[in-house]
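Colleague: Let me give you the structure first, and then I'll get to my questions.
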Amino acid sequence: MERAEALIREMEEEGIDAPIDIYHTMMDGYTMIGNEEKCLIVFERLKIGKVSKALEVSKMMESAGIKHNMKTYSMLINGYLKLKDWANAFAIFEDLVKDGLKPDVVLYNNIIQAFCGMGNMDRAIHTVKEMQKERHRPTTRTFMPIIHGFARAGEMRRALEVFDMMRRSGCIPTVHTFNALILGLTEKRQMTLAGITPNEHTYTTIMHGYASLGDTGKAFEYFSKLRNEGLELDVYTYEALLKACCKSGRMQSALAVTKEMAAQNIPRNTFVYNILIDGWARRGDVWEAADLIQQMKQEGVQPDIHTYTSFINACCKAGDML
């Protein structure tokens, strides 16, 4: 490895750019001799080298009078994000806006990540609202760094507020979202240490976590806690119950939950219908799925791509290809 290092230095002195394969070979060598520290140094040099090369190309473009477009700006921002150089990532974003280019969802997501990295959480939330004003629909990736940032800092109330904001925006939480929230609660032991009583958001979040696993028993257990403590039951709470029932194939329990919703005057939204249609689709029950789509239309609830995908799945499972 020492001889290999000397050869790399010789190359650098001769002004020869080492191709990416040489860095990979060096990393393999350090891995074989168990030198993890040097392996990571090479990895960092590889990342920094790529970005500095990109900046050289950027300067060449400018001197040749070639303007950056959305793609080239995005590549530079991504490079700085990989280096965790949030300030420069944001500076490139400002240049992009000055050039009159309109950021897209991917670019907004990257800038939100930069704000979270800088610890400027309020600016990150403001950027989400700015996205929505520009008629861009936020994705799960939009909210993930904000939730993670608040959870890591132990600010669980704010993490849960952003979680609710995410659901209201029509984003379906993923396992990574729940992991970030659970991590915040367990690592900091925030609720116990601060003497904070769990609220409906806390219980609903845990219910959704169990629903993702199809653990109906635990989902209903937390639902009972919510009701017994007189906390507010909303459509998101019932969504979690339905998800747990449908994932575990307990469709009769799911029907009982929808009756309970009707009794509480909680209308069914697209997500609720999608969960139910998907539940029947898993069993290949076309008639029940078709009946739910009809109910949606009668209630003025708009089907989306997930609704139709689940219905197609039901037809395929039933062998009704026409």
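Our numbering is plain: 1 for the first residue shown, then up by one each step along the chain.
Note: Cβ is positioned from N, Cα and C throughout, glycine not excepted.
The model shown is predicted, which means the values in this text are computed figures rather than measured ones.
As annotated by TrEMBL, domain 'PROP1-like PPR' applies to 50-181. Annotation comment: TrEMBL describes 69-103, 104-138, 139-173, 199-233, 234-268, 269-303 as repeat 'PPR'.
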Colleague: Based on DSSP, tally up the residues of the repeat 'PPR' (139-173) by helix, strand and coil.
Modeller: 26 helix, 0 strand, 9 coil
Colleague: For the repeat 'PPR' (234-268), could you work out the same-chain residues 6 or more beyond its ends whose Cβ comes under 8 Å from its Cβ atoms?
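Modeller: Residues 164, 167, 200, 203-204, 207-208, 210-216, 218-220, 223, 226, 275-276, 278-280, 282-283, 288, 299, 301 contact the repeat 'PPR' (234-268) from elsewhere in the chain.
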Colleague: Looking only at residues six or more beyond either end of the repeat 'PPR' (199-233), which have a C-beta under 8 A from one in the stretch?
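Modeller: Contacts of the repeat 'PPR' (199-233) (Cβ under 8 Å, skipping residues fewer than 6 from its ends): 156, 160-161, 163-164, 173, 175, 178, 181-182, 191, 239-241, 243-245, 247-248, 250, 253, 264, 266.
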Colleague: Within the repeat 'PPR' (234-268), how many residues are helix, strand or coil going by DSSP?
Modeller: 26 helix, 0 strand, 9 coil
Colleague: For the repeat 'PPR' (69-103), would you mind checking the mean pLDDT of the predicted model?
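Modeller: Overall, the repeat 'PPR' (69-103) comes to a mean pLDDT of 78.
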